Amino acid sequence: MTDVSATTGRAGDRVSSTSSEVAVETTSQALTNGAAKEPLAAVTAEATATATVTATTTATVTATTTAATATMATAVISKQAKSECHSQSNNNQHVETAPSKQSSDSEASAPTTVSIPSANAKINSSSSGKTTATQQDVDEVARLFEEKPEAFEKWLTERAPPEALSRLHEFIESRKPHKRPSVTSDLFQQWMASPTVQQKSPRKLSNSSVHALPESRRHLMELDEGELFMELIRDVANELDIDVLCHKILVNVGLLTHADRGSLFLAKGTPNNRYLVAKLFDVTQTTALKDAVTRARAEEIIIPFGIGIAGMVAQTKQMINIKEAYKDARFNCEIDLKTGYTTNAILCMPICNYEGDIIGVAQIINKTNGCMEFDEHDVEIFRRYLTFCGIGIQNAQLFEMSVQEYRRNQILLNLARSIFEEQNNLECLVTKIMTEARELLKCERCSVFLVDLDCCEESHLEKIIEKPHQLQQQRTPRAIMSGDSFEEKQNMRNRFTVLFELGGENHAANVSRPSINDLSHSTLAQIAQFVATTGQTVNICDVQDWVREHNQIRAESEIDSTQAILCMPIVNAQKTVIGVAQLINKASGLPFTESDASIFEAFAIFCGLGIHNTQMYENACKLMAKQKVALECLSYHATASQDQTEKLAQDVIAEAEAYNLYSFTFTDFDLVDDDTCRAVLRMFMQCNLVSQFHIPYDVLCRWVLSVRKNYRPVKYHNWRHALNVAQTMFAMLKTGKMERFMTDLEILGLLVACLCHDLDHRGTNNAFQTKTESPLAILYTTSTMEHHHFDQCVMILNSEGNNIFQALSPEDYRSVMKTVESAILSTDLAMYFKKRNAFLELVENGEFDWQGEEKKDLLCGMMMTACDVSAIAKPWEVQHRVAKLVADEFFDQGDLEKLQLNTQPVAMMDRERKDELPKMQVGFIDVICLPLYRVLCDTFPWITPLYEGTLENRRNWQDLAEKVEMGLTWIDHDTIDKPVEEFAGCADEEIKDIEFTVTTLNCNQHGGSAGGGEDTHTPEHQRSSSRLSIKKTGALGKVVRSKLSKTLYNSMDGSKPKTSLKLLESHVSEDMDDKSPTSPSQPHSGSVGRMSASSSTSSAGTVDKSKKRSKLCALL
């Protein structure tokens, strides 16, 4: 052969078309001569005398043409090569390609050597010399190719010899990179590179084989062996049906090897228990697919690895070629005896995947062309064809697995859908799950054991109704735990309370409650008991061996019926075993596989989900039924009696003025309970709501009495508080002229909301409900108590004879209920803070039209809050008493927090800090009340009394707060008669550790004080008042205590500080004259001095009383 080196260069001057053609012909002649002189055997053996064609990677011949030219050239080459192959069908052609492994940079300079054998045997035999092209020739050809690609294209199509085209085509194909690594491509290249078995003449189909072919495949007889081989590979290449593929493999192998019949076995089982299953058995050239599949499924043949000829091939991965079968000890003649067929020669070969693992075994029997054995050529053809068949079988198995997985997913989706469709019927749900499992896994029977569902349900109900933070003995589900003792396990026979059984396809599901005796004498129950105890999956291949191994009693009736069992626990969300699922006997008689266990696990999970969901649904239904019963009982007991209703309906209702309903200073202290109800009726009458909305008078009376009845007797948030809130709303509507901004329906809703806004109040706030995780906090996550109040309001309205909205139209009913709900929820101060800024923005913008839905909602919310805290604007005597009630209720909650939650309550709920209440009241007024009333009275000036009353009470609370800061404790009485707590003690009690702290705020002198030389420049606004703080660590005498209290309050009422100090001096002096303190006082420097006197038994001497008095006066 001739080396042809082509290098790339930039295009130079164009040359004539004739010169290009001459150069092309020269190159072609060189290629032809080289091919003619190279024998085929030397090419296959890679002889050293092979000619090479050297070219750089970036300067191949194809690079000199355009894309269109390359495409046309390839087509022409393929056509010419095909024609040449037909004309030279008796010769073999092998292509050896040695691609460069260097980097792209080195490839630009390093030559690539390609050995191109010729396909023309005549040329090979006539070669006699060798011609080498010079570098100058190569450069000239390269330049002409770059300048005249059209001339090269014309030469290729018109004048190129077939052998040159063939060699050029092979060279181009060898230079193409693979798109991706391909197992099929690697195997194909390996097969193509392997040496062929020399045959003296081409192998043709025998006459018997030709006549056995169906009409659609008669054309195969016209093909030689190579073409037939490739055609039969294409026949199985795209087949994904495993049955059709195996049938084609056996038929095609029979054609290639002239075998009479064949069988194909597929490998199954676990790594520790591998066996072969006959996919198709004894398939001939004329056997139809349907008949072959039916026969194989009717009698499944299973061969363990290492048993028989096929088993040995599967185990050793080595082919076995037997010339005389009956002389081989591994041959089993039972099939021949049954069928009357005589087996002579057997060729059995393994089928492996790309990893070398056995996926099947193919076996062919007897030759049909007169030969008595399978020769070496048959073995090679068989091996090569099975290489491709292995790829096809694995692809078909993967496809079959994907189809099965799709079916399984569809079944699981149906099961998931069934969980929600059958959630009200556990029996139907479990039956459907068992039916799907039986059909998918092909087993004879299914059963499901359930564990003590009643106890599980009771435990769940107890958890739902469990009181927060209360120690309660928990009942756990009677599930079987692995840590139970042997005696406990023996006593757990009665744990299975329900048994679901499903037999064959025509059998209905059976649901039973087995007794202890039934469970004790049932092998299936014992296995289920074992699984429930251990919580492990059990796959039993031989039940009898398992019973013997575990010393269990086997029921005689189950000895012959049960062979293999797959048993799996059913667990709930807490990983507790709530049941056991069983699959009994595969239809094929084989044990359950790991794949079966994996699928069955999904069924067990869905079964557990379904059981749990059904139980929850049933529990929810029962709880709702109980709730309905409880609501009926509550409705009956919460509704006012008929006698009370008739009595109230017959009472004479006084005018509004008699109850002082129009005034913002209304108080309920003087009203009896019946009067409170009459006052409510009068408010409805004065607003003309009874006649406007056609409210039956007896229904209104019953509703008012029922609302009063549903308030708990707490200290503040009780019925009388609701009455005061409703009266304030009435006064704002009438006296405050707010009714001009409201419709009659909204007035009705606001009054109802005021009366119901604290229904069933427990004396605790929302924060307490959340901290204790009460059922109310679980039911309502925000505005907990307010939502409960509204629900109670709805409950009373829905009670028989209490619906005061019964005459409203559906639209009006929805509107008034929306008003009631929004108004009640607005009493939550958290809602007030959310709405306040929006309301203030509207007021600051000068809003006067409040008829929009959002603006009306804001206005009603502000009015509800103003009414709810309106006690802060009552006269001081009323406000003081109400504040005492609020404080007592808060202190009760604080005590509960200490007791139940073991936490320190906030200051306003801490009984130990009750003296700080005046200060906290001032803060409450400044933060909530005054801003609200100020903006309301600025916009609606008719409600100014609320703002003024709040200001007055703030001054009173501030005054009392200052007294507390002076060291005096707040009152512990219901009235203001004795505003300062009396110091307890007796008149004759000795003086003990009295500590005085005096702060002088009214100083006219600018020099030093008696206690020190400190300069006191007092601000102007502090010179008109004095502050006196007395801290008591011991006890004073009774006389000085009473005089001191009166003096302090007289001084705070307006007497001059100097007079007060003189009185204080005289009282202290009188008391000191009566006592004889023995320890001198030690005044501190500055404007604050301290003096202590204590009684002592020491006789160290007496103290000058006049000196002591002068020091105290100087300090004051």
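Backbone N, Cα and C atoms are what each Cβ position is placed from, and that goes for glycine too.
Database features (Swiss-Prot):
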- His717: active site, proton donor (ACT_SITE)
- Asp758: divalent metal cation 2 binding site (BINDING)
- 241-393: domain 'GAF 1' (DOMAIN)
- 641-964: domain 'PDEase' (DOMAIN)
- Cys1113: cysteine methyl ester (MOD_RES)
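Classification of the residue listed as 'divalent metal cation 2 binding site' by DSSP places it in coil, neither helical nor stranded. Cα of His717 (active site, proton donor) to Cα of Asp758 (divalent metal cation 2 binding site): a span of 7 Å. Taking Cβ-Cβ distances under 8 Å and a sequence gap of 6 or more within the same chain, the neighbours of Asp758 (divalent metal cation 2 binding site) are Tyr711, His717, Asn718, His721, Ala722, Met785, His789, Thr827.
In this view, His717 (active site, proton donor) is surrounded by 24 other Cβ atoms within 10 Å of its Cβ, with every protein chain counted.
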